[in-house]
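Peer 1: I'd like to ask some things about the structure below.
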């Protein structure tokens with residue numbers, strides 16, 4: 001009797017395991033279980049993509065409005081601005097007269113803003129709740145300098161002096177504030193002059209998209225940088241735009257009604273993702289329970305633990321991917337609803353969450369393509385080659401970092417692409433992919449013959465090493481994994497303990513062995529029943545991926 005109960009328990013466990021590794025369609029044919037998760041994923045793909053497209057179009061309007069205003073401000077407040085930044089700064093001056101004219105030009109343009117601007121701009125209050133300009137200058141405390149005699153006497157303590165010019169002060173005779181002692185600059189002591197002011201604006205282009213307009217506060221800063229004392233003052237312009245809730249909006253039309261429809265759609269997306277999250281979490285919990293049953297049974301019957309490879313097969317990575325995607329979509333949708341209602345203005349965080357969640361949703365489609373052997377090669381190749389590729393990249397990364405630091409130290413002063421570590425890494429990555437090779441060679445300044453010769457040795461060695469050797473080995477690793485998988489698909493795969501357990505035949509069933517154990521599902525086929533009975537499903541174990549090339553006889557190996 002005890003033996004019979006043990007056989008029934010084993011047979012029940014085997015049936016549950018076979019059912020767990022079936023595809024949604026096979027589960028429906030086996031037990032008429034409706035594939036709710038599959039239906040939700042298809043619906044979620046459509047809805048999340050639609051939501052992202054709508055938000056992306058709205059976000060583009062926001063970014064375009066900020067960038068257009070920044071360009072307009074540069075033309076309004078920077079004297080002689082050509083329309084293109086010179087480098088990381090907007091423009092520069094080389095004489096004292098040009099420096100004074102540039103400072104006074106920015107101040108006068110601010111005073112005449114309402115008469116000259118084409119935008120919907122107005123004056124805003126600064127940190128001190130005052131409307132006007134704040135002009136600050138940094139300079140060394142005191143000192144004297146005689147370059148002809150090579151004499152310098154200076155106190156390197158830095159002083160900061162500021163003056164506030166409101167609209168009333170600017171309405172007076174300009175000579176009153178221009179001739180003040182504050183604007184008498186001693187350029188040999190001067191470090192920088194900073195002009196800061198706030199402006200307000202309203203983005204009306206959103207009305208054409210049937211959305212409520214946004215109100216902006218632009219925190220503008222103009223910096224005249226003379227820290228190098230090289231005879232060249234660099235002029236930087238920075239505009240930080242913040243979105244605020246408009247205090248009083250009276251818009252006639254269907255804008256408000258359209259906003260309500262969008263909020264309802266976003267709420268429906270949250271409900272769909274929440275349902276998907278609950279179903280996937282439930283599946284993972286049930287899988288862990290089934291895993292525990294199998295581990296206990298295997299240890300009790302065979303007196304040894306199950307290998308780690310089989311244990312990880314119960315953790316469905318696609319469900320984890322879906323859960324992460326659902327969480328990001330729910331949070332992003334809540335932020336989007338708050339932004340749409342003008343309670344929040346964090347467009348960047350919302351776009352990152354929605355964009356990443358949509359990426360994960362579409363990547364999850366590969367799971368369903370994996371049910372077909374012809375489409376499953378990509379997944380299997382990535383799984384087999386990933387450990388080797390990561391180890392290879394760790395070694396190649398050390399060489400890459402060495403070239404990065406070397407290029408930054410040696411070539412940084414002579415080449416724009418090697419000025420900082422970030423640009424050096426980007427430049428070298430472009431060279432690995434064959435981009436911009438001639439321009440990188442040609443832009444090396446020939447002011448130092450020694451550096452020029454070193455640059456040739458540096459670039460030739462890097463390109464030869466990474467393109468002809470490291471990149472070729474990288475591709476060879478992936479190709480080798482692909483060839484291994486193709487051979488196993490033709491000749492059969494090593495089988496693990498879990499596969500052997502599923503293939504054991506009971507007194508009532510025989511299970512046909514398939515040639516591919518790398519498929520990500522358990523395929524089912526129908527067989528006609530005798531004596532007028534209904535069709536009976538005959539499962540075939542073809543899922544469970546073994547770890548290459550570990551055989552089933554080594555259950556304790558990873």
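Using the three backbone atoms N, Cα and C, a Cβ is placed for every residue, glycine included.
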Peer 1: Match it up for me: which of 347-369, 416-438, 485-507, 508-530 does TrEMBL list as transmembrane segment?
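Peer 2: My reading of TrEMBL: the transmembrane segment range is 347-369.
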Peer 1: Which is it, of 233-260, 261-288, that TrEMBL names as transmembrane segment?
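Peer 2: It is 261-288 that TrEMBL annotates as transmembrane segment.
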Peer 1: For the record in TrEMBL, which of the ranges 318-335, 534-551 is the transmembrane segment one?
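Peer 2: Per TrEMBL, the stretch marked transmembrane segment is 318-335.
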Peer 1: Of the residues in the domain 'Polycystin cation channel PKD1/PKD2' (350-485), how many are helix, strand and coil by DSSP?
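Peer 2: With helix first, then strand, then coil, the domain 'Polycystin cation channel PKD1/PKD2' (350-485) has 118 helix, 0 strand, 18 coil.
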Peer 1: Quick one: mean pLDDT on the domain 'Mucolipin extracytosolic' (62-247)?
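Peer 2: It averages 86.
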Peer 1: Quick test of the contact rule: Cβ under 8 Å, at least six residues beyond the ends. What residues does that give for the transmembrane segment (318-335)?
Peer 2: 41, 44, 48, 51, 266-267, 269-270, 273-274, 276-277, 280-281, 283-284, 344, 346, 349-350, 353-354, 356-358, 360-361, 363-364, 367
